[in-house]
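K.L.:
A single structure is presented below for examination.
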Amino acid sequence: MKSVITTVVGAADSASRFPSASDMESVQGSIQRAAARLEAAEKLAGNYDQVAQEAVDAVYNQYPNGATGRQPRKCATEGKEKCKRDFVHYLRLINYCLVTGGTGPLDELAINGQKEVYKALSIDAGTYVAGFSHLRSRGCAPRDMSAQALTAYNQLLDYVINSLG
């Protein structure tokens, strides 16, 4: 896997020149974004259970039977713990994405095929949207993390919300 540094240096070398000031700014920006993602990952890693519980509470406060539509959500009848387990799973994948700097873990382990699975199990994906939307609106900089870290976290929440919608 190539890093932004090797890419910039390689491009400059191919052009028989030293890296320019804008090349260095690009590298610096990439490093700052990586630091923000790692900050968000660290904060999230220490609070999976609490964050997931907030999402579950938001879902059940808004939808007492655990469903946004006509069908009751499977995890509403089987208990809040299974809903929490699902949120923790997504949050761990979001954490992996923050560390890697891409959406690969979410795509491979959650998003690909999720609508078909939820439909087959009669799970209303809208409840996940409600929970993740609550988490997105709840985040606050600098209380929870820096503004740049919160932006990276919120981008991944948006990615999950849009995939479920």
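Every residue, even glycine, has its Cβ placed from backbone N, Cα and C.
Below are the features listed in Swiss-Prot for this protein:
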BINDING   CYS75  phycourobilin 1 binding site
BINDING   CYS83  phycourobilin 2 binding site
BINDING   CYS140  phycourobilin 3 binding site
K.L.:
Let's check the environment of CYS83 (phycourobilin 2 binding site): how many other CB atoms sit within 10 Å of its CB?
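P.N.:
So the number of other Cβ atoms within 10 Å of CYS83 (phycourobilin 2 binding site) is 25.
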K.L.:
Whole-number Å distance between the CA of CYS140 (phycourobilin 3 binding site) and the CA of CYS83 (phycourobilin 2 binding site)?
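P.N.:
So the Cα of CYS83 (phycourobilin 2 binding site) lies 24 Å away from that of CYS140 (phycourobilin 3 binding site).
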K.L.:
Around CYS140 (phycourobilin 3 binding site), how many other CB atoms lie within 10 A of its CB?
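P.N.:
Around CYS140 (phycourobilin 3 binding site), other Cβ atoms within 10 Å: 10.
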